[in-house]
Structures are given as C-alpha cells and as structure tokens.
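Notes for the one structure printed next.
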Amino acid sequence: MFDSLEQPIYRHSDQKEQQKYFSGKKRQHTLKSQMIGMPEGKDIVEVEVGVPGPTADIKLFRQSQQKFDKSQPFSGNKGFQGGENITTPHKRKLKRELTQQQKDENKF
C-alpha cells in the first residue's frame, strides 16, 4: 500500500528555483513525500522525502518500484493508475453503480 502527499514550503527567491517547486494542483510551492507500507499499516518499507511538488505520483512511484521485486503487487489510489502490478479502486461510471464485488474489492 502506498500514498503521496504534498507539504507547503516557502517560495525560493530565484525564479528558476521557484518553478521547480510550484505545484499547480495545490497552487503553492511544495515538496512531495511518498510512503510505501505493508497492508494494515504494520510496517513502513520505503519513504521518499523532499521531491519537488509538481512530480507526478506515478513517476515518483516508478522510481521507487525499482527497489522491489518485479512481481511485487501494490495497491494505491487513483493517482497511481497505469503502473505495473498496481491495484487501484474501481470507479463508478456515469449513471451506473458499482457491483457488490467491485465494492468489496475497493475495501483494503
């Protein structure tokens, strides 16, 4: 199981440095952190801290994933869609409900 978060930082005085850390999503300058843990949160096995805010969650995860076995399964939120061996929650389609099986799979 894994997730990323952004923490606000003070704006750098140099314009080029500012651009590296500006997150359009948060509309402020940020650093991104990512944690990878075991199911049920028993152990944290990988932590990335201090990555520039505009870095995509999936890109950050792909860099960390190289440290694990290629067949290792992971589960994360919809920000990680498209990665290998990553299970993400089912999303309800317009005017359709999720099946009971999909609802059960969405629960970790």
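Every residue gets a Cβ built from N, Cα and C, even glycine.
As recorded in TrEMBL, the features of this protein are as follows:
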COMPBIAS  9-19  compositional bias 'Basic and acidic residues'
COMPBIAS  96-108  compositional bias 'Basic and acidic residues'
DOMAIN    3-107  domain 'DDE Tnp4'
REGION    1-30  region 'Disordered'
REGION    66-108  region 'Disordered'
Remote residues contacting the compositional bias 'Basic and acidic residues' (96-108) - C-beta distance under 8 A, at least 6 residues beyond either end: 1, 39-40, 75, 89-90
Segment confidence, the domain 'DDE Tnp4' (3-107), expressed as mean pLDDT: 82
